[in-house]
Amino acid sequence: GYILDDYLRTDSVWILTRNKQFYTTNNEEECAEKCEAERNFNCRAFLFTRKKLQCLTLAENSKMTVTFNSTDAVLYEKIIYLLQCKKGIGMDYRGTEAKTRRGIPCQKWAEKIPHKPNYTPDKHPSAGLEENYCRNPDADESGPWCYTTDPDTRFDYCNIPECEHQCMQCNGEDYHGEISRTESGLECQHWDAQEPHMHGFTPKHFPEKDLKMNYCRNPDGELRPWCFTTSPAKRWEYCSIPHCTTPPPVSGLGSQCLSGKGEDYRGRIATTESGNACQHWNTQSPHRHGWIPGRYPCKGLEENYCRNPDGEKRPWCYTLNSSVRWEYCAIPHCDGAEQGNADVPAQVPLSEECYRSKGQSYRGTTSVTVSGKKCQAWNSMFPHRHEKTPDRFPNADLRDNYCRNPDGDNSPWCFTTDPSTTWEYCNIKRCDEPTQE
């Protein structure tokens, strides 16, 4: 992975530290390499100054010393030293817990009183045996431990919580951790607040997305968890959350038939319901798109098979027909029922498939633009972030990804799923005005 992915970045911050080394580097990546290779001490963080291109590797991080403002500096802290939790048996735990589960203070690893240790910093230089912090240098199945300051208790285990919830699988759509700062160090805005940024991602409207407090989340299928920021100048930003070391759970081989919206469909149908062949997900011709397999490792974007990576009504694909950008696929239902058009509301009047005046009263189910692009759902912020949300326009019927005209434009329109085209008018004809109402 990218070397800076393991660091939390904070702009315009300097930290006071005794143990440091100076280097001259061209960029942050080179400075990170110096931190990784540091042998004078255990490098927990580094400072980089943009003007002087100066690199300082540091033995302390912001949890251990004081910080103050410095306009030109950028602080990068190793995330592993900020996490106060363990993965698995905690051999790589580098937190600062220094007492046992019974509350007894730990003995320093370099000291010999009251207990003469078998594990010392000299014998195990890569085990992180600093100060009197809990560690697991011998791969004990029960997790991190320490020698105690109680002469009657040689060692005991420490109460370190599991932190699989502090890392993310796939694109972090199931991330439920408590990181609440963005990758540049900005504090996250609470999800139930509308200041400084108004938005539609409220706990009330997305109860299943765990939008608690101001924790980073990925409610809309973004590349990774993000949040709105408390800075008026920055609407939103990604968060720096490490990937879990354990692979994501495998749920069988995926479904070979249509169940629900077909998000777990992993069959090999590769033609649309009208017979168009599907475009391979890893190609950008004839249609450019953002659903690149490498970016979405858990969406099953293999070959040119029909998939539903974005919570659409059912599996779909981009087509090899240059005049048809995308179409749904005909996937057999798991219960054996005919697919039909069950997702289209019944009894839609024909008049609904045309619009009158400017189309503000249009309530049809067309979801394709004039150039054939698929519409983005109104309650989604991917690939385009916007203010036209159902809660802000409660009378505009902003359901699913149907074309609407909530703002009095010339005709119904929608945001598109094409990252390069924010919005377009929809492919809906104007109703013939009757001579008599």
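Start at 1 and count along the chain as shown; that gives each residue its number.
Using N, Cα and C of the backbone, Cβ positions are placed for all residues, glycine too.
Now, the feature entries from TrEMBL:
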type     : residues      : note
DOMAIN   : 1-80          : domain 'Apple'
DOMAIN   : 84-163        : domain 'Kringle'
DOMAIN   : 166-244       : domain 'Kringle'
DISULFID : Cys167-Cys244 : disulfide bond
DISULFID : Cys188-Cys227 : disulfide bond
DISULFID : Cys216-Cys239 : disulfide bond
DOMAIN   : 256-334       : domain 'Kringle'
DISULFID : Cys257-Cys334 : disulfide bond
DISULFID : Cys278-Cys317 : disulfide bond
DISULFID : Cys306-Cys329 : disulfide bond
DOMAIN   : 353-431       : domain 'Kringle'
DISULFID : Cys354-Cys431 : disulfide bond
DISULFID : Cys375-Cys414 : disulfide bond
DISULFID : Cys403-Cys426 : disulfide bond
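Annotation for the disulfide-bonded residues Cys167, Cys426, Cys431: lowest Cβ count within 10 Å of the residue's own Cβ, Cys431. Among the disulfide-bonded residues listed here, namely Cys188, Cys227, Cys278, Cys431, Cys278 has its C-alpha nearest to that of Cys375 (disulfide bond). With respect to Cβ neighbours within 10 Å, the disulfide-bonded residues Cys188, Cys317, Cys354, Cys403 differ, and Cys354 shows the lowest count. Geometry remark: Cys227 (disulfide bond) versus Cys216 (disulfide bond), CA distance 5 Å. Look at the domain 'Apple' (1-80): DSSP puts its residues at 16 helix, 36 strand, 28 coil.
Nearest in space to Cys239 (disulfide bond), taking C-alpha to C-alpha distance over the disulfide-bonded residues Cys167, Cys278, Cys403, is Cys167. Cβ packing within 10 Å was compared across the disulfide-bonded residues Cys216, Cys244, Cys306, Cys375, Cys414, and the lowest neighbour count falls to Cys244. Along the domain 'Kringle' (256-334), the predicted structure has mean pLDDT 88.
The two recorded residues Cys257 (disulfide bond) and Cys414 (disulfide bond) have their Cα atoms spaced 30 Å from each other. One residue stands out among the disulfide-bonded residues Cys257, Cys329, Cys334 for having the most other Cβ atoms within 10 Å of its Cβ: Cys329.
Remark: of the disulfide-bonded residues Cys227, Cys239, Cys278, the most isolated position is Cys278 (fewest other Cβ atoms within 10 Å of its Cβ). Cα to Cα, Cys188 (disulfide bond) and Cys216 (disulfide bond) are separated by 7 Å.
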